[in-house]
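Novice: Before anything else, here's the structure in question.
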Amino acid sequence: MAILSTVPALLFALASWAPTVAAQSAADYFVHELPGAPKEPFIKMHAGHVEVTPEHNGNIFFWHFQNQHIANKQRTVIWLNGGPGCSSEDGALMEIGPYRVKDPDHLEYNNGSWNEFANLLFVDNPVGTGFSFVDTNSYLHELPEMADQFVQFLEKWFAMFPEYEHDDLYISGESYAGQHIPYIAKHILERNKKPGVKTPWQLKGLLMGNAWISPKEQYDAYLKYAYEKKLIEKGSPIALQLEQQWRICRTSLAVTNTVDFTECESVLQKLLEQTAKVNAKGERECINMYDIRLRDTFPSCGMNWPPDLVNLTPYLRKAEVVSALHIKPQKTTGWTECNGAVGSAFRAPNSVPSRDYLPDLLKEVPIVLFSGAEDLICNYMGTEAMIGDMEWNGGKGFELTPGNWAPRRDWTVEGQPAGFWQEARNLTYILFYNSSHMVPFDYARRSRDMLDRFMNVDISSVGGTPTDSRLDGEQGPATSVGDIGKNGTSADAETQKKLDEAKWKAYYRSGEIVLVIVIIAAGAWGWYVWRERRKRRGYSGIMGNTPPIAQRGTTRGLEGFRDRRTGRDVETGDFDESELDDLHVTTPTVEMDKDRYSVGGDSDDEPHDEKPSRSNGGRSGR
């Protein structure tokens, strides 16, 4: 009877497993229609959750946009926003994605989208960010565990979308993603070198914008940038206060080599506070830390920026959008730009700054660091100081030979000064003139020109009009900012054929797995029915007085669901009830918590006001 008693459990496990396995195919993630999006051009999308830590209900959300054209090879760009804890839907709908939010109900096409020649994969990272979710007692704390989990996500994602696994892979992002990206790249390279890895991922480059990489230089740059931009005057009472706070910060920096220093964060906070003024309306306003040309109400100081944010949040909370993006019901709170609880947990006290890994990464992977000149919080002076102090590939900084530095090449796009490029030994630095913390928000087409140059895009097989992009007056490679020729989408039929073959192989594999499950379940059920009939005919086993199987198995299953509720995230509060609704058993009813949370409602992690916040436990969201 021991074997017999396991049959219901086996059947239940198989029944539970079958939908899970069946969902692990690209078809289930296909976005059939995105509410409010323009009909043309057609953009193929997939979106949804990938479970990474079942024991903690950890699910990472992704949103994938297929490229519009294939130029000489297949490429995929992964995009991450910063925070930590800020959603990559910022990048998808306010920066490099194919759409921008026009109003709370409508999107419009972004003519500078990065998906012209590259597939785009936006990921809400780490768990708990954006549409991703996890139990609140399981937020991540360190950079290595984040990178491990991200590689797990990619393993599962490529298993579902094998047609992209051989693409040239690029990882890009901004702000605190300057910590995430080098760690992820390091873990990918280590993964590729492990014995038994069937498909090494073709990591071809990293792009980081206004990136928080080296705390030492970046914290030091707050005051230097404020002086350079005349936000404060040297020797003034405000300057003397800030200099005193900087000395406290510098003492802390000398003691430990970590990422986050409260004493140093205070330098920026005091700068914003001391420079705040009362405007003509009698309102106290301060410098926008993400774009010093702008002002914001105090103490937001940039948290309400960019202006698209006022439409982005209600759009992503619309029930039809949530449904279209396949958001799991376990994600019961509405989308928020930045999750303060995630940011507060992710202090990385035992992680070294990602700057420490750049020299080794540059031995294997080209890197682009780009900066908007008007950003304060992750300003270009800190990035330039870090580069100047760093040694890699046989040299220090951009020095080519003693006393001879790599030139800064003037960059113009469509006849307008765009910035400058500087490069040496696998590292490229680009300064964008008149640009904020979110460079692609200001200059989407210019940022895509940067990407296409970095990826060595060759549009000769595509057709269309190349952009007039020049370095020191030289035209350079032919990249495009739009106006693609009519033959663009069919330029590489052979490549598309290979993609389709890989996709259908994945579908067949999923179908085979489900078929095996059905066969096993049918066999187990048949055996179980045969045993029950023999019992009714008078057959008795050794354990004749054992309680009925259904009674024993069901009680244990309900207790299991109840146990999983303990310490659960409010975001996953409905999970147990929705699972139990599908259990058609005749047992005493268990009283469950009746609170319900709407996906379209306010997040428990955000303040209940009209404006979204990037606040991360006292830190400014990067």
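The chain as shown is numbered from 1 upward.
Cβ from N, Cα, C; glycine included.
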Novice: Among ASN111, ASN311, can you tell me which residue Swiss-Prot lists with the annotation N-linked glycosylation site?
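Specialist: Record lookup, Swiss-Prot, feature N-linked glycosylation site, residue ASN111.
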Novice: For SER175 (active site), identify the closest of the recorded positions ASN111, ASP375, ASN434, HIS437, judging by Cα separation.
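Specialist: Looking at Cα distances from SER175 (active site), the smallest one goes to HIS437.
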Novice: Give me the long-range Cβ neighbours of ASP375 (active site): same chain, 6+ apart, Cβ under 8 Å, in sequence order.
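Specialist: Residues satisfying the criterion: ASN210, MET289, TYR290, ASP291, ILE292, SER435, SER436, HIS437.
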Novice: Can you count the other CB atoms that lie within 10 A of the CB of ASN426 (N-linked glycosylation site)?
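Specialist: There are 15 such Cβ atoms around ASN426 (N-linked glycosylation site).
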Novice: Could you measure between ASN434 (N-linked glycosylation site) and ASN111 (N-linked glycosylation site) for me? Cα positions, answer in whole angstrom.
Specialist: 20
Novice: Round to the nearest Å and give the CA-to-CA distance linking ASN426 (N-linked glycosylation site) with ASN111 (N-linked glycosylation site).
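Specialist: The Cα atom of ASN426 (N-linked glycosylation site) is 30 Å away from the Cα atom of ASN111 (N-linked glycosylation site).
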